[in-house]
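Right, one structure below, let's go through it.
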Amino acid sequence: VRPCAMTTPNKMRRSQLQQNAKKELDDLERWKEEHRPGPIKLAPQRLGGKKSEAQARQNQQIMLVQSKYQQKHKREEYVKAKKAAEEAEIQQKKAIQREKAERLEAKKRQQEMQRRELFFEDQYHKTNELLNRLDFGLPKNDSCQTANRGPEATAWTKSHSYKQALREDENRRLEEMKQEQRRK
């Protein structure tokens, strides 16, 4: 810590500074008095236009009321614009969700059609396999014929016609599904 030295005030110098400051303040006041502007003299004029004071006040009142309504109208317009923007955003989100749902539904339909197509194809092959096994298991026409039965009455012809009907039905269904697929 450094020691500090105090100096005693010089009274004579202090009083001299105070006298100088007082003299400067007096000079300033005197200068202000000398340079004070004089009275303004204007020729009398009628101010305020052609309206009376009552009309001017009435116009002010009308303007005040109108400004209130204008502010209210502005606020309402702002709220409407904000709601419209929110509604547009909601509609856009709904459209996106609807599109997603439609795509998912189309995908499900397509998977279902593929599943059905595979099922019908498998069913067709299994039916053909069964009919072929039945055909091989039956005796030949020439080896065993029953009396007075025409060629249409044999088991082979029945199974053959049944097999043919199944094929035609299966082909018709496949054609319908293909046409429906093309339409979508």
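Each residue, glycine too, has its Cβ placed from N, Cα and C.
As recorded in TrEMBL:
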{"type": "COILED", "residues": "71-121", "note": "coiled coil"}
{"type": "COMPBIAS", "residues": "7-20", "note": "compositional bias 'Polar residues'"}
{"type": "COMPBIAS", "residues": "21-37", "note": "compositional bias 'Basic and acidic residues'"}
{"type": "COMPBIAS", "residues": "165-184", "note": "compositional bias 'Basic and acidic residues'"}
{"type": "REGION", "residues": "1-57", "note": "region 'Disordered'"}
{"type": "REGION", "residues": "136-184", "note": "region 'Disordered'"}
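Panel annotation: around the compositional bias 'Basic and acidic residues' (21-37), no residue of the same chain lying at least six beyond its termini places a Cβ under 8 Å from a Cβ of the stretch (none). Here the compositional bias 'Basic and acidic residues' (21-37) has, by DSSP, the following mix of helix, strand and coil residues: 14 helix, 0 strand, 3 coil. When pLDDT values are averaged over the coiled coil (71-121), the model yields 96.
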